[in-house]
Every structure is written in structure tokens, then in C-alpha cells.
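Read through the structure below, which is laid out as C-alpha cells, and then see the notes.
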């Protein structure tokens, strides 16, 4: 492969076109690959575009030419400095290009590019090349002259030169922007036109000789070659033809693409401190300053910086200064880069419009990335864990989880990080340091990002909008979480029970149900909780704070849940009405669920027994009956439950919490259902009526149990004696006869009982309490059943009728005894003589005769 012509500097600091050009022979050209040929073509065209902006090529017969020219052509295509007194060999301009370049460009498209005007280097600006006019103009900027006024770019140019001369070069090394002279990289000067004759060639202005053949329709500018016009149009349209297959980024030149691809392939320079590698030495050298040079330290938070401009930008976080304001919309920014990026919103043409949502983009890459929002395409998959991403940047950040070395370890908890800044931010959790304060409310934060997010609360800014329901959010993560409501996505699954969640935080909280972890401990009483929210709610018991106030009536509550329950008392706007019954709801989801009552739709079917349900959560709860799963465990007594609500209700037994208070008498209850039942006592409301006997009940469950008296149903069987019972509680109480269990013990006399109701009645013997008073005669009773029987004395009510003879009775026990007359049943047997009786009282009278005989 041919060696590239090396860059040569003369004593005067000038270079020529051949110093920056590369020539190949046909033999060498055939050894190049297609990609290398494309790269050579683009680099050559760029060089020609640069040289074409420096003026016309003067003929070699000019008497002054030998003193001005720096090269002449030999047969061996070597480039040499001419000797004194020797004229250069005449050559057609195209012959000077070599055999390969002649095939790349047409003669008419690049005549005049082989000029011999000298290029000058500016050492202050990194040895950049300028022609004579631009070089002298550029030097004027260093010495402070201002030969022109007007545009913002010109003012910035003069300002930057002053800053550069004054020694503040770090400003420009930080920004990374190249200096562009007033004349521009691509000047619109034309080259020679027409045929070359033997007569002396004059160097004339291309505008004067009419050499600008190519015009741009957008900017009305004129160019001498088609290639320069093409480059100019790319700047206007930002045409990006070459796409990187690794990350999807596109470029207008193959050379730019080739340089970019080194990011993915070549990383020769590795940092010994943190292991990070770079493809360019300049980037590597700049990075090393992070570890070595940090001269500028922030007095507010102690953070240090290697560059003054970074330090200056950082200080605006504490001061809140935003010096860069957009003239279009008034939005202000603390960094020039952010301001510059924002201005593109107003200036850039957006040629690429999305057919789905109408959003438009100025770059094809941005348009392509956006379309993946609609298609759901995630082309970048991690080879380590299989996770996929829609954007290469997200994929690249994720890969650091697997690849990055974590050199920075926390001395408190041992957690390690790949970046020192991440370690510093993490350590603030241990120290409690919050250096970033909000000027509006005084609240402070541990990171700048958290402060920015918080400030949107004051500004009312909600830049993240949901495409489904037009709801907007101040944080992107809130939008992502919200969108899962529409999509139904629950990406976080519990490995223990298979339950899935839309947010990772909810999964972490749920997993503590299985592990029993309670990491949040109350400093007052030592009680621990599984979530920080539960701890905060509990602490309000000690402080007496009532942070949640009702906006309607001003009543305050210590728990948010209690406030929500209270707010149901006040009528709310219910914009979703049911067409069947007129009932209204606050959300369309609640309306849809309600409509299944009318349609009878039960879309969720159990695979075990075929039973169907109208709600998915009802199916999940039902399926636990088959599996026996009880995922919710009480941390105090170890008892497990199949529903979270049942666990919450149970935990009030240990905490003695009674959040449901009666507004009439002030009595508190641990369950809302008990409060509702209690309130029926004040109102006398008994909404559930038995169709058989007309009896009224407060609860539907009580009605169902009562109806079994009429239909004779007894679904609960005792496995020990095969006796059947109407309800579950009767069975449980009966089973204690076999086990001998008497869990309710009286502290006064030591007597124990199998039923809580019997125990409560017994306690009234010691206290003398008789809460049930007859309004007719003033007689009081300790038991409600005795009071009910007594009232029938005044009313004459006899609800229990014999189906055989029609006789009625005031008590069910009297009816049971009477029925034995018809059936002949005699259940009471004398153990002495074996005689049978239909009443217990008859048995007792009979047994007394045996006792008298014995006496």
C-alpha cells in the first residue's frame, strides 16, 4: 500500500496541497478493500473542498511562479522542493492528481484546485491551517482588532479569541467546539473554466469570470463545483447517509462513520485508576485529569473539578443562576450546551414526521428511535442477561452493570461502584448530607437530579404526557409506571408465589411478606414495620400529628387511608354513569366493573372447579382455596392469610388499633363492617328481610344463616361425631367439646368457656351489668336472647308454629319440645333404669324418685 505523503512545514510555517494529499498507483489501489476505497474518496473530496476555497490555480508559465510554487511533478510521482534556477515540469492539472484521483473526479469539476497558495498555521489554535487572507484576519482577532460587526457568530468569534489570548483556554477545551473563521470552511469562490491554452493564464476572480456554475435553491449561494454544492446542501438538510450498524447513529461522510466506529472497536488507552478505556489519546488524557487534577473545589458541597468551566457550571446549581435565556420562548438554562440544544427546537427543520402520532424530527436517527415507541421493537439485547432495549444509549449504559470494574467501595456498607461520583452520592445516605437546597421551600436533596425533579413541583411543569389519556407527569418514571395501567404490564414477578407487580418497589414490599423482614423500627416503642410508610403512620400515634386534612370540612386525620375513607362521606363528581341503574362512578374502570353486575359477565374462570368471577382479583383469591396458599403472614403470631386485607384486619388484634369511629356515640371498631353493623343499632336499620317469616337482619350473612332454619340446611359437619351445623362458628364451638379447649377464661373466678359470647355474658355476673332494658316494664337483662324472649310477653308474638297441628310458640326451644309429641322422640334416658323421656325436666323429676328410694 502506498505511503501517504507526510505533512511538511517550511521555514515560514506554510504547507501546500500535496502536503495534505495521498496518491496511489493502480497496483496499490487494487490492494485496497471497498471500505478503504470509500474512505480514501471521502477524505480526498474533503481536502479538495478545502483547497478550492483558497483561490485560483496560477499557470506555471508565470514568471513569478517558480518563487511561489513549492512542488513539481516527476515521473516517480515524488514531491520535492524545486532547486534554484530549475523550472517545474509543465503538467495538466488532472495529471497532478495521479491516476486514481483522475478517475474519481471529472476534470471540469476540480480544475484549479492545484493552486500554489501557501497555508499558514496558528499555533495558538492547535496548529490549524488558514489561507493568507483568513490567517491575517485571524491574527487580528488575537491582537484585539474587530474588522467586522453584525452577526452573533462574529461576536462570539472575537470574544473567543480574546479569551484564548488571555490564557483561559480551558473554556474552549471544555466546550470542545472548533473555531470557524469568518470566511467559512467552504468559501464560494469558483475555479478556472474553459480550456487551458499556451498563453499566459491570468488569475481572475471566479465571480467576475462567471465561473460559479452550481447554485443552491435553499440559500441562493453559488459554487464552482458540484461536490462543494453537495457538501453545502448536506449542511442545510443534515443528510445522513452512512449508518453505524452497532448503534444506529448516522453520518453524512464515510470518514466520520469510520472515525465513529472506533468507539465500538478500538479502545487502546486504558486508565490505570478506574479501568475505563478510550479510542483516542486526547480523550484518555482529558479523562486522567479526573483522577489527578481537581484544583477547583466547591465551597458549598465540597465537590472538586479539574476544569474551571465545569466548576463554574456546577456553582449555578447552588445559586440557581440561569444566564442563557431563549429569545423565542423565554426558557432559561444554566449551561450553554443545554441552551444550544434547546434552540434547535425553534430553528431546525423537521423533515421526518411520525405517521402514528404526528410528531416530527430533524434527524432520521431520532425519528427511527421514536418509531420503536409505537412498534415496541427492542433491537439491542444484552448477551449477559437477555434484557433488551430500544435505544443503543440505554443498552450501552446497561452493559456497564456486567462489564465495569467497581473500584470505589463504600467504607460503611461495602457496596462498590464503577464511578467515584456514584460513591460520593451513595455515601450521603449514610451521612445524611443534602447539599442541594430548593430556594422555594427550603427542602434539601442529596443529588442535583433529585433537586431538579423537585423544582418541577413549584413550576407546575409536567413535560411527560401520556398518549392514552392525556394525563401528564413531572417525571419520566412516573409516566412509565402510569402507562402500565393501560398496557397491563407487570414486569416484576415474585419468585415465591408468582404474583406480579408494575413497580419494583411494590415487589420489594411484597417479598417482605414471605421473608418476614421488618427493617423499619420505631425509636419510641421499638416496634418494627415492613415499610417506611407504615412506620410513619405508626409514629403519629406517639406525636399526635394529624397531617391529612379534608378539604371539604377541615377534619384532620393521622392516616391517609382514614382520610380517603372519610372523603366518601362528601359527594364527589362522578362523571361516569351507568345506563341501567343510573349509578355513577368516578372512573371508567369502576363503571366497567359495575356493568358486569347487569350483564352477568364473568370473564375470569377457575381452571380447577370451573367457577367464574367478574373480577380478576376475586379469581386469584378463590384459587388460593385450591392451592392452600396463604402468602400473607402475621409477624407477631405467625398466622397466615390468603388475602392482604384479612392480614391487616388481623394485625389490629395485636395493635389494638380501632380506626373506625362511630359519629353518634364515639365507639371505635377495628373493622369497618363492625362499625356499619353498630350504626344500624342507632338507626334501627335492618335492610335484610327473610321472605319466609319476615324477620329483619342487619347483615346479609345473618340472613343466609337464618334461612337455613327454614330449609333445614346444615352444611358444616363435625368429623368426630358427624353432627351437622348451620354455620361455621357453631361447628368451631362444637369441636371444642371434643378437644376440651376453653380459650376464654374469667379473671375474676377462673371459670373458662368455649364461646366468646358465653364468656361476655358470664362477665356481667361479676359486674352486674344488664344492658338490655324493656321499655314496657323497665325490666333489664344481661343477655340479648333473654331480652328478646321477654318482649314477646308484651307483644304476644309467637313466631314458631308447628307444621303438624298449627300450634304456635314464643320460643324455638318450646317448638322443638312440642314436636316430640308428634314424633314420639324421647332423647333423655335415665341411667339407673333406662327409662326414656321427651323432656329434660321430666327426666329430672324421674331421677329424684331414685334418690328418695336411696335415702
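The chain as shown is numbered from 1 upward.
Placement of Cβ uses the backbone N, Cα and C atoms for every residue, glycine included.
In Swiss-Prot, the feature SUMO2 cross-link is attached to one residue out of 391, 499, 555, namely 391. Of the candidates 68, 162, 335, 832, Swiss-Prot records SUMO2 cross-link for 335; the remaining residues carry no such annotation there, which does not rule it out for them. Cβ-based neighbour count (10 Å, all protein chains) for residue 391 (SUMO2 cross-link) stands at 16.
For the pair residue 391 (SUMO2 cross-link) and residue 335 (SUMO2 cross-link), the C-alpha distance works out to 25 angstrom. Touching of the zinc finger (380-402) and the zinc finger (242-264) is concluded from the presence of at least three CB pairs under 8 A, sequence neighbours closer than 6 excluded. Counting Cβ pairs under 8 Å that are 6 or more residues apart, the zinc finger (800-822) and the zinc finger (576-598) reach fewer than 3 and are not in contact.
Taking Cβ-Cβ distances under 8 Å and a sequence gap of 6 or more within the same chain, the neighbours of residue 335 (SUMO2 cross-link) are 313, 316, 324. For the zinc finger (464-486), the neighbouring stretch richest in Cβ pairs under 8 Å, chosen from 242-264, 408-430, 436-458, 576-598, 828-850, is 436-458. When pLDDT is averaged over the domain 'KRAB' (15-91), the result is 51.
The DSSP breakdown of the zinc finger (436-458) into helical (H, G, I), extended (E, B) and coil residues amounts to 11 helix, 4 strand, 8 coil.
Taken residue by residue, the zinc finger (716-738) breaks down under DSSP into 11 helix, 4 strand, 8 coil.
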